[in-house]
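> Marked as [2Fe-2S] cluster binding site by TrEMBL: B:Cys77, B:Cys82, B:Cys118, B:Cys122.
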Amino acid sequence: MFEPVLLRNVDVPNGHLLSTYEAGGGYQALTKALREHTPDEIIDLVKKSNLRGRGGAGFPTGAKWSFVPKRAGKPKYLCCNADEGEPGTFKDRIIMERDPHQLIEGMAISAYAIGAETAYVYIRGEYTLAICRLERAIAEAHAKGYLGTRILGSNFSFVVHIHCGAGAYICGEETAMLDSLEGKRAQPRLKPPFPAVEGLYASPTVINNVETLACVPHIVERGPDWFRGIGPDKSPGPKLYCLSGQVRKPGLYELPMGIPLRELVEDCAGGPLPGRKLKAVIPGGVSAPLIPERGLDVRMDFDSLAAAGSMLGSAGVIVIDDSTCVVKVATRIIEFFHHESCGKCTPCREGLNWVVKVLRRVEAGQGAPGDLEQLEALCKGIFGNTFCALGDGAAMGLRAALAHFEHEFVAHIEERRCPFH
Amino acid sequence: MTMREKIEEAAARYPDQRSAIMPALLIAQREHGHLPGPLLEEVADILGVERIWVYELATFYTLFHTEPVGMFHLQLCDNVSCMLCRSEDLLRHLEEVLGIKNGGTTPDGLFTLSTVECLGACEMAPVMQVGDDYHGDLDITRIDALLDRLRAAAEQVTGPDLTAAALAGE
């Protein structure tokens with residue numbers, strides 16, 4: 001039986017308070033890290049755990065940390081990516097609202113490992129309750145000596161600041177987030193240099209997602225072997241899955257990495273609504289290509305989903321049933337990417353504008369023969385040609401909808417109406 | 001604290017004043033409801049940064065409003081998860097009962113209605129943010145009850161933001 005660790009406090013009354021967190025063993029991992037391990041040993045533990053970034057890209061966390069130069073001659077920064085804008089995703093909000101100390105402890109250990117004395121939590125401005133709770137938790141942690149100068153009698157000093165976003169999906173892209181933190185319009189940067197070498201204020205910077213950082217105390221406390229023992233060896237650990245859409249029991253579920261998507265949707269989330277059948281599932285936020293019902297036996301980990309032509313992304317699992325028009329879903333997804341395109345590069349800014357126009361007319365029953373070829377030509381012009389992954393995500397999502405549900409697009413054009421309305 | 005003091009306190013968190021523009025705009029907007037040109041200039045002057053830097057942020061990020069918004073900004077999510085849970089019906093209903101279109105403000109200045117991108121609360125779709133608060137698992141009955149509560153609250157309190165007080169009491 002799998003025992004939840006990341007969500008163990010979320011349903012505990014007053015789980016957001018320090019006293020509750022401490023009563024459950026909180027901050028013991030930080031104490032252990034500072035007293036028993038050097039920073040390099042912490043990096044090694046995380047490397048051995050095979051923890052991969054939970055924000056979407058799945059980059060190995062220990063490797064990312066090890067890219068930070070040991071002697072930089074500049075301050076180093078830790079940034080927590082709490083912008084959580086990927087549609088279908090709400091896991092980080094729930095951690096911050098209900099168990100903010102888990103994140104703070106993870107940040108303190110991570111900062112110790114990379115040698116950072118300052119962290120910024122870039123949290124989306126809409127998350128007011130999470131911001132309030134995190135602010136309060138930071139103050140509590142300071143008062144108790146888990147943050148501040150010479151933490152727990154060690155030589156390690158560390159402070160955490162909150163930086164509120166103001167509504168821009170692109171800030172989830174790590175270099176756009178850094179520009180935003182520097183007070184600029186959020187636009188991605190050309191890499192290299194990578195943030196680990198030249199990030200915030202041109203200083204070495206590590207950017208990790210909330211859930212990634214929340215895994216760190218558990219790895220320190222229980223050891224990397226425990227972590228690797230959960231789910232597939234190359235992509236292990238406990239994982240938060242956000243279930244939403246046309247499903248009986250939407251919500252946040254913690255289960256091992258690598259659980260079959262079908263089990264997640266049908267068993268955990270109760271399957272489709274009464275009288276409905278599953279049609280497709282978006283497994284990792286709208287950037288992840290949808291998977292038709294027949295493909296639901298795929299396992300929910302980075303490698304299995306990549307092999308199936310989709311991606312784990314943020315594990316925002318959106319369930320679509322047979323009452324829903326895929327053209328409408330695809331249109332809404334591309335409208336989102338078009339709205340959130342930062343405007344920096346032409347293929348994304350202009351290409352998505354064009355795609356939206358074609359999709360809207362197809363959905364409205366005014367599509368023309370050749371529109372599907374036009375859409376594919378546009379995808380080709382966008383995919384691989386954009387500054388960041390936003391354009392790629394849009395093109396991949398649309399291509400999957402076209403590949404698996406071409407008949408629905410064709411029906412719209414031939415019948416000159418949406419068959420679902 | 002005055003707005004200037006709040007902004008200066010926020011600015012102390014950063015080694016570079018330019019980083020404080022975003023927090024300063026959030027503070028200014030919370031105080032004034034929206035961000036007219038002279039307020040943007042005041043923010044620039046308090047921080048000692050280029051005015052254009054302030055303008056470019058105020059017009060890039062969607063949470064900043066350079067035009068006035070109603071006392072209650074009804075921000076209805078219509079991204080995929082909410083759309084699948086029929087947020088469109090709620091939009092039509094809100095447009096009908098408020099007598100405004102998406103993006104509009106009621107003549108009494110009470111409500112502005114906007115559809116927004118994913119609010120990150122898909123487990124309670126369809127969801128709408130009003131001020132600082134999220135309202136989830138919405139249907140037409142709940143929307144109507146919410147509008148009634150907001151109208152009643154408007155008679156008690158004035159100012160652009162009511163919910164901060166509720167949160168501060170936590």
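The backbone N, Cα and C atoms fix where each Cβ goes, and this holds for glycine too.
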> For B:Cys118 ([2Fe-2S] cluster binding site), write down the residues of its own chain that are at least 6 apart in sequence and whose Cβ falls under 8 Å from its Cβ; none is a fine answer.
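Expected: B:Cys77, B:Asn79, B:Val80, B:Ser81, B:Cys82.
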> Going along the chain, which residues six or more apart from B:Cys122 ([2Fe-2S] cluster binding site) have their CB under 8 A from its CB?
B:Ser81, B:Cys82
> Report, in sequence order, every one of the binding-site residues (B:Cys77, B:Cys118, B:Cys122) having a CB within less than 8 angstroms of a CB belonging to chain A; if no such residue exists, report 'none'.
B:Cys118, B:Cys122
> Near the Cβ of B:Cys82 ([2Fe-2S] cluster binding site), how many other Cβ atoms are there if near means within 10 Å?
31
> Using all protein chains in view, find how many other C-beta atoms are within 10 Å of the C-beta of B:Cys77 ([2Fe-2S] cluster binding site).
29
> In the three-state scheme derived from DSSP, which category covers B:Cys118 ([2Fe-2S] cluster binding site)?
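Going by the DSSP assignment, B:Cys118 ([2Fe-2S] cluster binding site) belongs to neither helix nor strand, so it counts as coil.
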